Structure formats: C-alpha cells, structure tokens
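As given in TrEMBL:
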- B:35, B:65, B:68: Mn(2+) binding site (BINDING)
- B:60: Ca(2+) binding site (BINDING)
C-alpha cells in the first residue's frame, strides 16, 4: 500500500466511524459523548480530505472544476480489481 | 430522497472468477434473507413507527442495506468476469447464465426471483421489530 492508498484508507475508516456514530445517536440522542466524538471525526475527516486533495487531486469528481462531466468517468465502484490481473 | 456516493462502503477487489460461488452469493443479493429484502423491509416499516428514534434508525439502516446490496452485487459481478463457456458449465452456472448471462439479477441461489413475500410490514411497532430481529438473525448456511 502506498502513501496515497494509506491516506485514502484512513479517510474511509473515519467516514465509517462517523456513520456508526450517526446510527448510535439515532437511538441514544442524549449521548453528548457520542455527539462530541462525531464532531471530532467530522473535523478530522475534513482535514484529511484537504490533505489528500492537495497532494493527489480531487477525491470526488464533483469537488473540482473539470473540463468535462467527470461523473461519467470510470472506474465505477464495482469495476475494481481486474487491473491487477494484467 | 437519496444521494448516490460513487464508492463502495468497503472496497472489493476479486481477481479470480468463481461462478459456483457467485451462484450461492446471489442469495445475499435477492434471496429471502438478502440485502434487497432487508432494505425494503426497513424502509417500508419506518413510516408507521411511533417514535423518532425508530423512524431515524430504520431510515438509516435501510439506507445502509442498500450500500450492502451494492457490495454484494459487486462481489457477484466480479466473481463472474471473463468466464469461459467451460467454466460456466462446469460450475453449474449455466442455469443462471441462460436467462441472465452475467447480469446481476435479484434472485435466490436457485434462481427464484426476489419476492416481497419474504418480508413483512405489519404497521405495528412491536410486530415489525420482531420481524426485523428474526430476519437479521437468519443465518446463511454454507
């Protein structure tokens, strides 16, 4: 795993943790600790995404000005893994 | 409404095809205990839930199940890439292939199409939550 992949993985992990905290708060809406943790992860994730995009370009096609409609550009999420065969 | 994020909840990279396994994993896509049923179950039950916590959690888990559906679809797709006719026949995948080729069709492992008959929406919080516990506890046997 190179540095780019490592950073991407950390961002994903942060987003996963946020989603779990979000659902925990659905059934524990008065849990201030969980709410604080979620906010902390949000802030950290935003910083990591900034770091990633500064180094490697846009993470999300819609987050940058592109010369064409980049949303249609592959690979789509299910189209991974095959290239390693080559 | 929903907004699509162009990524999987967890990355999937399958290099080697395995159509026999794909046929079984289909069950988790469109079978009676699969992700499609889970998603429809939660997203349909949420309307008549009497408490805000329940409306929220069913909305969010129903959404997450759609993310799982996409991962399972990806697994089946990647397990059936670049198959030879011989691989298709030897794996017993021919009975799927004849109708769907390598398209991802919501059916169980025997090819029976997805049915909402595999889920319940009773409009009663206790009944529906019990149905969810039963459905989510249903194991897959391999």
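Glycine is treated like the rest: Cβ placed from N, Cα and C.
Everything TrEMBL records as a feature, shown here on the structure.
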residue	record	DSSP class
B:35	Mn(2+) binding site	helix
B:60	Ca(2+) binding site	helix
B:65	Mn(2+) binding site	helix
Request  = Have a look around the residue listed as 'Ca(2+) binding site' and count the other CB atoms within 10 A of its CB, chains all included.
outcome  = 17
Inquiry  = Neighbours of the Mn(2+) site B:35, B:65, B:68: Cβ within 8 Å of the Cβ centroid, same chain, sequence order.
reply    = B:34, B:36, B:38, B:39, B:64, B:66, B:67, B:69, B:71, B:72
Chain A contacts among the binding-site residues B:35, B:60, B:65, B:68 (Cβ under 8 Å) = B:60
Query = For residue B:68 (Mn(2+) binding site), which residues in the same chain are close in space, meaning a Cβ under 8 Å from its Cβ, but six or more apart along the sequence?
reply = B:9, B:35, B:38, B:39
